[in-house]
Amino acid sequence: MGFGASLKKLSNSWKKIEMSVNDAISKSKVGKFFKLEARKTCFTRELRAGTATFLTMAYIITVNATIIADSGGTCLMADCTVPANQTAASPDCMLKPNLGYDNCVSKTKSDLVVATILSAMIGSFAMGVLANLPLGLAPGMGPNAYLAYNLVGFHGSGSISYQTALAVVLIEGCAFLAISTLGVRAKIARLMPKPVRLACGAGIGLFIAFVGLQIHQGVGLIGPDPTTLVTISACAKIDPISNTCVGDKMRSPTFWLAMVGFLMTCYGLMKEIKGSMIYGISFITLVSWIRGTSFTIFPKTPLGDTNYNYFKKVVDFHKIESTFGVISFSHFNRSEVWIALVTLLYVDVLATTGTLYTMAEIGGFLDDKGSFEGEYLAYIVDASSTIVGSALGVSPVATYVESSAGIKEGGRTGLTAVVIAFYFFLSLFFTPLLTSVPPWAIGPSLVIVGVMMMKVVKDINWENIKEAVPAFVTMSIMPLTYSIANGIIGGIGVYIALSLYDLMLGFIKWVNKMRKMVIKEQNQVSNGVESMVEII
């Protein structure tokens, strides 16, 4: 028997085993619970779908932890190492390289990796079991950057503490849960002007891409400049205090390594290879793990040695120490807190509504009325997952558009989401590896996420100035002011200002109409009186 015949026989045997397994599970209690036969799917198809979705969204484990860790988490000035010639650490020790503070941030990142995994696992599992939909959940891109860079600020330099920011996330989740329970979600989503609503996604995409291009938070292409505020960087050597170039520009080894990974990811996406972002991140990370190179994440320093010793464990279950249950309602009398609450709620409502309907449309779940089975519980699960996420220490949890990868693989039931949750569970035991992913491996994926979020601009009517200007203001202000809230407020403000002309014109027309009606009534009364006088 030839090799080809043996291979064909093996393939036929595998198909028979697969069919028998699918048939057995479809007729079991599990199959009936997830309605496998009713939705014309099977176990192996759901397994493939869950695998595809996890591969496309697994990047969030390290990306989310890296972004939120930039806020410093619960780390304070007390964690800084005191210089030998000083009696106490200076207030700016949190913004400069400091062994003690950097160690604290490193531990916080490990906590956030576990928190991200747990929130994604719980959210995806609940979506599968309760709503029976093939959707994966995890802390959302956009809100995490808003929390880290706008609210808390880089290493706690913002106006709100990390603990207070988590309290804002908790209240936002509770508000979203109430809105979803009462069924007024769609009405609230329609309050925002359409051009601003469409521009929000693109603006957040630009903001995320801007973060991915910066020093320390991404590939390092963009750096600070005292004259022009920002400039091209990618320097081989950087001043640790000002982050400005000391050596020649475009000579950074980590930047060029990141560019190779970026192109790899782009080629993979061009060929529609599932998990392309994971492959790009993995390539850069694996190369960066080699010690003794100019692009290693483990330099021969005390911090590098500490991180390398933890990395060598490979398998380790990390217990959350600093981010779980640290919610604080102090300083809630500040206006920034309430602006943040409204911003997060609106972004969450819009993003969840848009994502769920898009996924339902791709999967063919929508009925003639535009609704789908499990819709009500899907919103409940989404909001509840945000509440769980705030307790763990992460930003709002959301349904991921990467779920479309699984749907395209044939995922039609909640069993796909349960498979996604299982993969996240397995990730819990590889924390030493996941916390050793460098920022220049994360940066390319942030830029690509920004690219993907830009596609909504095609739906904006750029020929209509009343829609084009608010949309442009929203998109441009978000990255330029480093604030998602400022972009939304600016866009709505401009839209209202441009709408005043139409409102005034409408008011004048209404006044004229009422004036004509009054005159007409007066004439009728006058004519009636004259007729009565004549009769008398």
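Each Cβ is built from the backbone N, Cα and C atoms, and glycine gets one as well.
According to TrEMBL, the protein has these features:
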TRANSMEM  112-133  transmembrane segment
TRANSMEM  160-184  transmembrane segment
TRANSMEM  196-215  transmembrane segment
TRANSMEM  253-270  transmembrane segment
TRANSMEM  337-357  transmembrane segment
TRANSMEM  377-401  transmembrane segment
TRANSMEM  413-434  transmembrane segment
TRANSMEM  492-511  transmembrane segment
Inset, instruction - Using a Cβ distance cut-off of under 8 Å, indicate which of 196-215, 253-270, 377-401, 413-434, 492-511 has the most pairs with the transmembrane segment (112-133). - result: 413-434
Inset, instruction - Report, as numbers and ranges, which residues of the same chain sit near the transmembrane segment (377-401): CB under 8 Å and 6 or more residues beyond its ends. - result: 53, 57, 60, 64, 68, 73, 111-112, 115-116, 118-120, 122-123, 126-127, 130-131, 133, 135-140, 143-144, 146-148, 166-167, 169-170, 172-174, 176-177, 179-181, 185, 320, 322-327, 344, 348, 351-352, 355-356, 358-359, 452
Legend entry - For the transmembrane segment (160-184), sequence-distant contacts whose Cβ falls under 8 Å of one of its Cβ atoms, 6 or more beyond its ends: 71-74, 147, 151-152, 326-332, 334, 336-337, 340-341, 344-345, 348-349, 352, 376, 379-380, 382-387, 389-391, 393, 395-396
